[in-house]
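Report on the following structure.
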Amino acid sequence: MDLVKSMEVKGEHNHTEAKKYKWKQKLTPIGFISPVLLIFSLFLFFPVLFAFYMSFHQWGMIGTPEFVGFHNYVRLFQDPLFWTSIKNTLIFSLSVPLKVAIALFIAVLLNQKIRGLGFYRAAFFFPVVLSMVVVGLVWQWMFSPSYGFINYLLEKLGLPLQNMLIDSDQAMIVLIIVSIWKGLGSNLLLFLAGLQAIPSSVYEAAEIDGANSWQKFWHITVQLLKPTTLFVLIITLIGSFKIFDLAYVITGGGPGTSTMVLVHYIYQEAFQRFDMGYASAAAYVFFIILFILTLVQMRMFKSDSEF
Amino acid sequence: MSSKSRNLLKRIPLYAFLILGSVGMLVPFVWMILSALKPNNEIFTSPPTFLPKDPNWGNFVEAWGSGDFTQYFINTSIISVLTTVITLFICSLAGYTFAKFNFMGKKVLFLLFLGTMMIPMQVIMIPIFLMMSKIGLLNSYWSVILPLVANAYGVFLMRQFMSTIPTELMEAARIDGCSEFRIFWQIILPLTKPALVTLGILTFLGAWNEFLWPLIMLDSPDMMTLQVALTQFQGQYEVKWNLLMAASALSMIPIALIFIVFQRYLVEGIASSGVKG
């Protein structure tokens, strides 16, 4: 802007130059943003609206789509398998507080002057970068009833052997254990960042007042970490609603339908039965659930961000 | 006893817990490598052995050769590299525009972009699948790359970083008659290296590990990515866990290398976003 002014001051003959410059200033951002806007429109804005439109149509891979009103949604709410997948997703999500608590606990341990911090952090963090498929395969093998490491260990310890992957009451526990292992590192990092933001003077003041370690943890760390904890809770919850890869690889939704989760249900209806309209309705229900969770998160952050 | 050694004694439980915990975290990884080395007759002994009695390094070669793994590796590399390059270009261009220019509807557009972070891919995968099939891009690299490059988190990250660059740099270049694109490409972009590296690594890892998009979009064996190929192996080679573990280990070599070299950037990237993982 200063540049425009100085050009105008310089004299009459520079007037057209300045005008040209002004135009360029206006066109440049439009030229820059257009290709990006095109990509976002094609692969986000349009599909999200189109999925909504599809959810009101009978839409197979062949034949013409037919408007059916709320029929897909009615069918969905009448399908026991849909409710099973919701139930399983919720059961899986019950592990979220446990996941967050473990991450907080280890973050507090790591947030002190200790030897070998780099090693511990790397070890806890490494699973985060691995693919869900590889993680799923390795853990399926770990839990193998006759040849896996878990039973190898249990036998060495003289404990009863497990058969969790083929037990419909226990397969979900395996998924929870694996997802704790896989996701611990990223939550840990978020907590460590939060912990490092707490000024050490607060702890020093508490020490002068005679606070013990537990009091310091409960009254300072936990209280001041509330915003971080809420954030971690909600994103972990959102993440757990999206579970698919792990369940697909480790249990394939089984035994029976005991680990069939919501995304797996959507995938199956869309890409194995090619019932695209119906699957879009299921996907929209899924979207609305996540949307509500995100709104809750934003609400909490508005009221709770200052401490 | 000095106070120093008493302090150390008090800390033994802490260290015991941390060492046990981190070794425990690595157990599945170790078990994968040990299993990959076991010969066929040893992989199925019950109770299992811990260390392979007769390590068979040939398993890695055999696993690689038992599918078209070279092709899967090439496919995954092409998809990951192209996704990363295009994402970096798009996100930095958008981030630069949002940070350094004013135009009509900028605020609304930025909010719309940010809002897309709420859209789960499971909602848009069906329309995008139909779109790709309509324009004949199904079973091509682009059908996986294009949906991955529309990355609002990347735009946000780049915008935050770009706004810290002084605007005077651009003004000075304009006076020198530098074209707008050259200002972006040759002056601004080199200054955003740390953000580009962070975003680049996260994008590459995400694309390399991506499972659902390639599973949906790529259906011929010569187009498969490593992740999809591994799950195919799982069905096909259910009895050959040593080979499956060997193939899994090989598939994660690039990931492990990135982890070793760029751990600092990864830690920063995840601590600042919490989006991935």
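The backbone N, Cα and C atoms fix where each Cβ goes, and this holds for glycine too.
Because TrEMBL annotations are produced automatically, they should be read as predictions rather than curated entries.
The shown structure was predicted, so the numbers you read here are calculated from the model rather than taken from an experiment.
Database features, via TrEMBL:
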{"type": "DOMAIN", "residues": "B:73-262", "note": "domain 'ABC transmembrane type-1'"}
{"type": "TRANSMEM", "residues": "B:12-34", "note": "transmembrane segment"}
{"type": "TRANSMEM", "residues": "B:72-96", "note": "transmembrane segment"}
{"type": "TRANSMEM", "residues": "B:108-129", "note": "transmembrane segment"}
{"type": "TRANSMEM", "residues": "B:141-162", "note": "transmembrane segment"}
{"type": "TRANSMEM", "residues": "B:183-208", "note": "transmembrane segment"}
{"type": "TRANSMEM", "residues": "B:243-262", "note": "transmembrane segment"}
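Taking residue pairs at least 6 apart in sequence, the transmembrane segment (B:108-129) and the transmembrane segment (B:183-208) share fewer than three C-beta contacts under 8 angstroms. The list of residues near the transmembrane segment (B:108-129) in space but at least 6 beyond its ends in sequence, with Cβ under 8 angstroms from a Cβ of it, reads 94, 98, 138, 147, 150, 152-153, 155-156, 159, 212-213, 216-217, 275. Among the listed stretches B:12-34, B:72-96, B:141-162, the one sharing the most Cβ pairs under 8 Å with the transmembrane segment (B:243-262) is B:12-34. Proximity of distant same-chain residues to the transmembrane segment (B:12-34), defined by a Cβ-Cβ separation under 8 Å and at least 6 residues beyond the stretch ends, is recorded for 50-52, 245, 248-249.
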